[in-house]
Amino acid sequence: MAARGRLVVARGNRSFSSIIRKYSLKRETNKKVIKNVIKLLTMVILMGTVVIWIMMPTSTYKKIWLKSMRAKLGKSIYFGKPGVNLLVYMFPMILLASLGSIYLHLKKQTRVNQFNSRMDRKKIDKFGALKRPMLVKAGLGIVTVTEVMFLMMFMALLLWSLANYFYHTFVTITPQSLPTDGDNLWQARLDSIAVRLGLTGNICLGFLFYPVARGSSLLAAVGLTSESSTKYHIWLGNLVMTLFTSHGLCYCIYWISTNQVSQMLEWDRTGISHLAGEIALVAGLLMWATTFPAIRRRFFEVFFYTHYLYMVFMLFFVFHVGISYALISFPGFYIFMVDRFLRFLQSRNNVKLVSARVLPCETVELNFSKNPMLMYSPTSILFVNIPSISKLQWHPFTITSSSKLEPKKLSVMIKSQGKWSSKLHHMLASSNQIDHLAVSVEGPYGPASTDYLRHDSLVMVSGGSGITPFISIIRDLLYVSSTNAYKTPKITLICAFKNSSDLSMLNLILPNSTEISSFIDIQIKAFVTREKVSTCNMNIIKTLSFKPYVSDQPISPILGPNSWLWLATILSSSFMIFIIIIAIISRYHIYPIDQSSKEYTSAYTSLIYLLAISISVVATSTVAMLCNKKSYFKGLYQNVDALSPLMIESSPDQLLPEFTNIHYGERPNLNKLLVGLKGSSVGVLVCGPRKMREEVAKICSFGSAANLQFESISFNW
């Protein structure tokens with residue numbers, strides 16, 4: 001009887017397990033369907049947006065499309081003329097960003113092994129060829145095949161726009177079309193050219209803020225990070241300021257030649273405000289002047305502080321052209337505003353700094369307490385602010401820990417290279433009496449996912465502190481290997497240092513090096529370029545323990561574990577609230593004034609729109625943060641005051657002899673070390689000085705060895 005009962009129970013358990021498997025499979029299938037639908041919608045929206053941008057400079061768009069849309073939407077008592085651009089330019093991009101957030105949330109939840117089959121690996125490697133370096137130029141840096149393709153398409157859009165605009169200028173403005181008592185031919189054409197340069201500059205401005213929205217779903221959905229896309233912001237910024245400066249100079253020449261210098265101070269009540277445009281241009285020029293590498297690197301504080309003028313630039317740009325036209329280039333700025341305010345909310349709290357280690361190479365490792373539910377990818381960065389050094393300065397540093405291997409700790413390594421980092425090193429190295437250090441952070445920011453497991457082997461090339469992102473990758477692979485979930489690639493770390501004291505950074509690679517040989521296959525080739533023999537004891541590491549205040553919090557995601565879903569909610573709900581506010585104000589305030597033959601002042605309309613956007617973003621972001629803070633931080637302060645031995649200690653004595661070959665007085669011959677590497681897919685990662693990155697890029701460039709998959713990790717702005 002008992003045996004029969006056990007048999008029934010066993011059958012019941014198998015039946016229950018079968019139901020669970022079927023439910024899980026159905027759930028994953030539903031997620032896949034939703035993701036495919038999102039991809040389809042995204043493609044439709046992108047294609048529609050591209051068509052609009054292509055058609056915008058043509059007469060067909062102005063005389064037929066725009067005229068038709070204004071006839072249907074422009075007379076609305078709720079939105080008026082701005083309603084057209086709200087629908088055509090703002091709405092699609094906000095929808096796209098919201099869909100991207102939902103897609104990333106579903107992708108994060110999916111538990112499918114995408115590297116199990118050879119077919120998947122070959123498919124990924126096929127597209128990996130598009131990431132190979134194609135151009136290595138001083139002005140552009142390292143440009144991949146994909147980047148060249150998109151750069152050419154974007155430049156084609158600008159040239160197409162200029163060609164259409166200039167065609168209108170030189171074909172329609174002729175000696176016969178000019179009034180007898182009006183401008184000369186060259187003056188009339190100069191006036192028209194100035195307008196067209198401004199219109200083309202507005203296209204670049206429309207894309208300017210997307211690369212610097214650090215937490216944007218649009219970047220993460222296409223595999224970009226805020227650091228890797230900073231160069232796009234630089235390219236776009238140079239184009240914006242070149243076109244806008246040319247626009248301003250042309251108008252200055254025109255006004256001087258036509259004796260209309262007083263126009264420079266004009267602030268039209270309902271039209272274009274010249275004075276506002278000049279203020280915006282001056283703010284832009286001040287920012288632009290500090291972005292050149294020689295100034296930015298030598299006077300980083302000047303560069304940092306002057307970039308806050310972007311608020312002045314955008315405010316007076318809107319006053320200059322009016323809100324209706326400004327909405328064309330506003331979607332990227334709107335997404336940036338949401339991201340910026342969320343970062344502001346996160347930065348208001350001090351975090352728990354538990355310990356620090358001071359290395360002999362003037363490098364500091366900071367160890368923070370972390371919420372175990374905060375997950376981040378290798379190579380992620382953290383922005384750090386220490387008020388006792390500077391209340392305003394925020395500096396990005398690579399995270400060296402792994403959120404999987406070290407669930408309660410987050411570490412960053414800071415090399416003493418500038419005023420801020422030198423002050424921090426001096427503060428920690430010269431005193432044993434520091435019990436507490438107030439620190440605020442923003443982030444982490446990094447790729448939504450990594451695909452290092454697809455390679456047969458990984459070769460990491462670093463110079464100096466460029467080793468930091470590779471520490472996080474190695475630790476992450478160590479965790480993956482220890483779980484036996486995937487087969488990890490063979491790792492070769494080629495690191496170049498100036499002095500033997502810099503070798504102490506190798507001590508931070510693993511939390512516990514005694515277990516490494518049983519999990520991953522790693523070889524370290526270290527090169528000390530300026531010394532023939534070791535002149536430093538690498539194991540002299542000073543450890544400081546801090547006593548966090550009760551108010552200090554572990555580093556946690558501002559929007560909780562479902563941050564992408566919350567971001568989609570913020571974007572969509574804030575935009576809806578903004579629309580409702582504008583509809584009410586337009587219906588009961590702006591529209592009645594316009595109807596009484598008194599046109600509403602353009603500056604006031606612009607200010608109302610900007611305030612409505614700000615209120616909607618602040619309100620929705622704050623509510624989302626408070627909702628997550630209430631539920632997510634419950635029970636957070638248990639078991640986080642102290643770090644376990646694994647989190648603080650390492651075993652440097654065993655790491656160097658067993659896995660490392662040290663070469664003194666020579667530089668690595670990268671061509672010899674990289675060319676001829678065996679394996680169908682060899683991932684080559686490089687992080688270090690510009691010359692080193694460019695040398696590796698040339699070796700792995702398009703047309704070279706087909707098995708080398710290049711990736712540059714650069715944190716140099």
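Quick reminder: no glycine exception, Cβ is built from N, Cα and C everywhere.
Annotated by Swiss-Prot as transmembrane segment, the relevant range among 184-207, 232-255 is 232-255. Swiss-Prot lists transmembrane segment at one of the ranges 353-373, 500-520, 689-709, namely 353-373. Counting Cβ pairs under 8 Å that are 6 or more residues apart, the transmembrane segment (306-330) and the transmembrane segment (86-104) reach 3 or more and are in contact. H395 (FAD binding site) is 15 Å away from G446 (NAD(+) binding site) when you measure Cα to Cα. When each of 40-59, 86-104, 232-255, 564-586 is checked for Cβ pairs under 8 Å to the transmembrane segment (140-163), 40-59 comes out on top.
Under 8 Å from some Cβ of the transmembrane segment (606-627) lie the Cβ atoms of residues 82, 315, 318-319, 322-323, 326, 334, 337-338, 341-342, 345, 558-559, 566, 569-570, 573-575, 577-578, 581-582, 585, 590, all in the same chain and six or more residues away from its ends. Confidence for the domain 'Ferric oxidoreductase' (198-317), expressed as mean pLDDT, is 90. The Cβ of H247 (heme binding site) has 22 neighbouring Cβ atoms from other residues within 10 Å, across all protein chains displayed.
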